[in-house]
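What follows is one structure encoded as structure tokens, with my remarks underneath.
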Amino acid sequence: MEIFTHLADGFGNIFDLTSLFIIAAGVIMGILVGVLPGLSPAMGVALLVPFSYGMSPLNALILLAAVYSAANYGGTITAIAINTPGTPSAIVSTFDGYALTKQGQPGRALGASVMASTVGGILGTVVLVFFSVPLAKAALSFGPPEYFALAVFGLTIISSLSTGNYIKAFIATLIGLLLNTVGMDPFTGYLRFTFGIPELADGFSFIPALIGLFALSEIFLSIERSDTVKEVLKKVSGKMPRFSEMWKIKRAVLQSSVLGTLIGVVPGAGATIAAFIAYNEAKRSSKNPDQFGKGALEGVAASGAATSGSVGGALVPLLTLGIPGSAATAVLIGALIMHGLTPGPELFKDKAIIVYSLFASLFVAYFVMFFLGMAGNQLWIKIIAAPKAVLNPIILAIAFIGSYSVGNSMFDVWSCLGFGVLGWLLRRYDFPTAPVILGLILGFLAETNFRRALLMGDWNIFFTRPVSLIMLILAALSLFWPIISAYWKKRKEVME
Amino acid sequence: MGKINAAMHLKTILILLLLFISTIAAAYPEKPITFIVHSKPGSGIDITTRQFTRIAAKYSEATFVVENKTGGSGIIAMREVLDRPADGYTILAMTKSFLSTILLSKSGIDLDDFYLLSCLVIDPEVLITNRHAEVRTLQDIIRDAKAKQGKQKWLGPLVGGVDHLMAVKVWDKLGIRGEWIPFEGGSDALAALLGQHGVVYVGNPVDVKGRPDLMIAAVSAEQRLPEFPDAPTFKELGYDLSDDVLWRGYALKNGVPEEALRYLEDLFVKVGSDSEWISFIQKTAAHPVVLMHDEFSGMVEKDKLESLKYLKMAGILSDNNSTAIIDQQSAALILSALLLIVLLLLYIFKREWLRGEVVIALALTAAALFLYTQTFNFPQGKLSKTAGPAAMPRMWIYGLLVFNLWLILQTIRQNRAESEQQESNGNKLVKAAGLVLLTTIYLFVVGYFGYYLSTFLFLVAGMYWMAYRRHILIFAISGGFVLFSYYAFQKVLMVPLPAGSIWF
């Protein structure tokens, strides 16, 4: 096998002190970038591009790839610890991770997240090494109708996200979808619902909305609901999940890793959608679906594994076609070009050693991430144990930086506060906020591809293309899954 | 390229000499020079600008900062530059796309507000096709377009952008018609071309670099590109398209002092002629040039007239400005009045119905109806035959109306069966609302006192408000956090935090 010799060469190429140091530094920077809300993996990579100027192309590449892979994991830390997703894809980690933290078991959630992220990342890299060429070909068959079907499929997850009232979850989704239409219409350039505010021309920035709806609303609500003022802290346990516990959920981890990788391959779908879909599937195939949202280790693991898996996936179209699979890989392309490497099929041919050294460095990076993540967990647990009275103002200040650094704009900071108050009001009356985010993420994908598909053909286009048709059928099934499974349960009970 | 010639080089050398003499006694620059970039870190113009600052450090003692002010296709960045003093310490990174932005937005910003300093990069426009498709060459494109009668799919970014206008120009000059299918960005459109979801992509030579599946069908330049000797020019194929370029340049707010201007001109000439810079630009398959104010302005002026012409031809700009059918104020007024009446009636007659859910559902209904009235002002038809800009928002609005009604009915029905829910504790509500207020004040204060002082004060006040009373710890943590954010963001990651008008 040619691949194995190449890979062995790659490992040989990076096993020196400089490369290992660069990988470790990249992983640390990546975790830091992930932890800080507002600094997405893409921004983290972009901010480090200037640092890589002076390095050899290979070292620059492994530094940036290490940052990218670790940043996706780093985001889950704050999601679990303080309900503030450090990166958009970490939203899903808040569902069960923060629930576990509230139960005094942040160690279990953080530990499960590191382990699942490591497995997801390594599996994603394996897929990247062995299947990138056929996968990239398959990803290209995704045209507008398929993207639209994917968005619809993603939206059906609300039926699985809502634990209580379905109507409220639908209303929340529609709020997100409607907010998403604010800004310039990409097809006509017309400014929709901007009311003359220039900052709204690009719509609401995603990260301030995310921080507001999750972190800020949680602060306001927790002050109102619990006795935070004189709260005697619940004993926070630093206990990590036992191996047997992880072994029990191996199915969710493996399934989510593969799903995350596959969805990551499709350009434009990205880690966030991957995490949502993997969570949905993990819940559906779980033995205890009713535990999801209340602190299921499987839920934390599914999110972490899918997010990390999507890194390897996103690198597939980048390396084989020169098409970025995510925002962060778009930045990577720019950095590669600056170092005189043009990503695409020719890179595999002419500079195979660089490509395979990159693969090898990713494997190493995930191992480094595992150990650093496990060691770091004790630190995060200490932070969680800090009094809420201290933590809450600091989270607000971090939310400020996070929102501001997205576009260096005070408008984003104000909109973050606005979303915080909106989230608080919604959650006071048991409207879930996660569907709002889902609407914000998928609204654009749904609308642009719906209209693009109609520009390319007529309504039949959605139903005459096999991939699009299959996904739409799956979406319908997924939407009505709770009803179907309830019916089956009933029938089973009757039979017995 | 027709734009670079010997005379220009001579002029460059002369300017260099003159500037060298005149800058010896200059005090400028005494502060960091900031480049404002309109796109995200890592985008083409961002990387170009960061590379510029790196090379400029060879020739200048000044520190350079790159600040990304994204949004509104450049409007936010332009406004930022115009809001700052014309002292030569703020430089706007510009691309050709700003012309469409200026022409399409009603922001009041004009090209004349800027002094076009220098253009350092030009990138010829090319038509790109898929090597494995049936339509590959320009002749193929023309034949296929005529057969499809305007249904040929052309892929590229935003409607009204540089590439779209180039497509409209090509259609005009070639006597064909195509269908512009816009994507979020160039790379999404390229993926669609690779997947054969369309026929032609309008872009630049860099787009085919490293992608052997793609080929250049025609180049809009006087001569074939040295890097792509097989790609024919429009001109040799008999069409009048020879100097369409995507330029990247730098501009200042009008009124910058002469001294600073000379210094910067000198610096731009030096960097523009630097061998490292030239090889960097060539790596991106673009052409390094040094066009100073006069030539740059001439090119921009010509492009502006052309953009105007093709924006009109594409039907994006029309001569008759249609006025709004329903103006915003009256719609908002009517709906909020209605909402108030409903709430009042509920309060008087059916107080038990007036629960949080119902109030939220009513408010959302009012907001949805208000937005619905706005959709009548959206452009209809022509550019978007099947689903226009109003289609999706309306669909979501209908959904919202249905589910709101459903929720209200459900709440009322449940209300009969259930007893009153537990009241929330008033004291704690005040506590939470107080923190919201404190945060609001914090955001206001940042504008005056800047990030660091305001954050320190906010943290101290916030912890006191949350009834934390270990004074020394409060001050230590607040100070520590501010220091940490200074080092992590300003120093290590070089993300600038907002400065105030009174304090830094």
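Glycine is treated like the rest: Cβ placed from N, Cα and C.
Residues annotated as domain 'DUF112' in TrEMBL: A:20-438.
The transmembrane segment feature in TrEMBL is assigned to A:20-49 (among others).
Marked as transmembrane segment by TrEMBL: A:110-135 (among others).
Same-chain neighbours of the transmembrane segment (A:147-180): 95, 203-204, 209, 266, 268-269, 273, 276-277, 279-280, 283-284, 293, 426, 429-447, 449-450, 453, 462, 467-469, 471-472, 474-476, 478-482, counting only residues six or more beyond its ends whose CB sits under 8 Å from a CB of the stretch. Look at TrEMBL and you will find A:147-180 (among others) tagged as transmembrane segment.
Beyond the ends of the transmembrane segment (A:200-221), by six or more residues, the same chain brings 37-38, 40, 79, 82-85, 88, 91, 94, 98, 179-184, 191, 193-194, 392, 395-396, 399, 402-403, 406-407, 412-413, 415-424, 426-428, 433, 436-437, 440-441 to within a C-beta distance below 8 angstroms of the stretch. Residues annotated as transmembrane segment in TrEMBL: A:200-221 (among others).
Positions annotated as transmembrane segment by TrEMBL: A:252-279 (among others).
Remote same-chain partners of the transmembrane segment (A:318-341), defined as residues 6 or more beyond its termini with a Cβ less than 8 Å from a stretch Cβ, comprise 40-42, 44-46, 49, 52-53, 57, 60-61, 64-65, 68, 71, 128, 132-133, 136, 139-140, 264-268, 270-271, 310, 347-348, 351, 354-355. The annotation transmembrane segment is assigned in TrEMBL to A:318-341 (among others).
According to TrEMBL, the transmembrane segment annotation covers A:353-374 (among others).
The annotation transmembrane segment is assigned in TrEMBL to A:394-417 (among others).
Marked as transmembrane segment by TrEMBL: A:429-446 (among others).
Here TrEMBL flags A:466-488 (among others) as transmembrane segment.
Note on the transmembrane segment (A:466-488): residues 141-142, 145-146, 148-150, 152-153, 155-157, 159-160, 280, 284 of its chain, located 6 or more positions outside it, place their CB under 8 angstroms from a CB of the stretch. Packing against the transmembrane segment (A:110-135) from elsewhere in the chain are residues 3, 7, 69, 72-73, 76-77, 80-81, 93, 97, 240-241, 245-246, 249, 253-254, 256-258, 260-262, 264-265, 297, 300-313, 315-316, 319-320, 359, 362-363, 365-367, 369-370, 373-374, 377, 380-381: each is 6 or more residues past its ends and has a CB under 8 Å from a CB in it. For the domain 'DUF112' (A:20-438), the model's pLDDT averages out at 87.
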